[in-house]
């Protein structure tokens, strides 16, 4: 028998085994009870405002699900310049009860628009040095399109609606900044 015939012969036997309609009870092809629990996994919205340093790894771990093939992230960091000025750090303040409520609304809106599993929104308060994260948004979904679109919506809407204020601290001065996206910014 030639090697081509052997390969072909082996392939046909494997195909027959894998496509066999009868499986013995308890076989490896039956879903186990653990898999059934994963199907019933509840969706989570994890929201955190903190003065602690943010970790991309920790936030992304919070949205992992065996039901999902995509995790999309947005990480906003402090850059070292603004309009020709050297930025030393940023300082964030928030009206927490309203900020938390607005982020929960964003999560609810996302769930109505896209089939996502878990959402995490972490925002740093207080001083945030250059190159450190001030906001991390993570979303998991079965497929990438939903999580990518949801993350974009989340950061855009957060900047427009959530009462968080930013102070840019320069070498010799500082300045409170408003997000140009804020709905109340256009009224001034």
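From the backbone N, Cα and C atoms, a Cβ is placed for every residue, glycine too.
TrEMBL annotations:
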| type | residues | note |
| --- | --- | --- |
| BINDING | 143, 144, 159, 166, 167, 168 | substrate binding site |
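Summarising the substrate site geometry, the residues cited as binding it (143, 144, 159, 166, 167, 168) extend over a maximum Cα to Cα distance of 37 Å. Within the set of binding-site residues (143, 159, 166), the lowest number of other Cβ atoms found within 10 Å of a Cβ is recorded at 143. Cβ-based neighbour count (10 Å, all protein chains) for residue 167 (substrate binding site) stands at 14.
Cβ packing within 10 Å was compared across the binding-site residues 144, 168, and the lowest neighbour count falls to 144.
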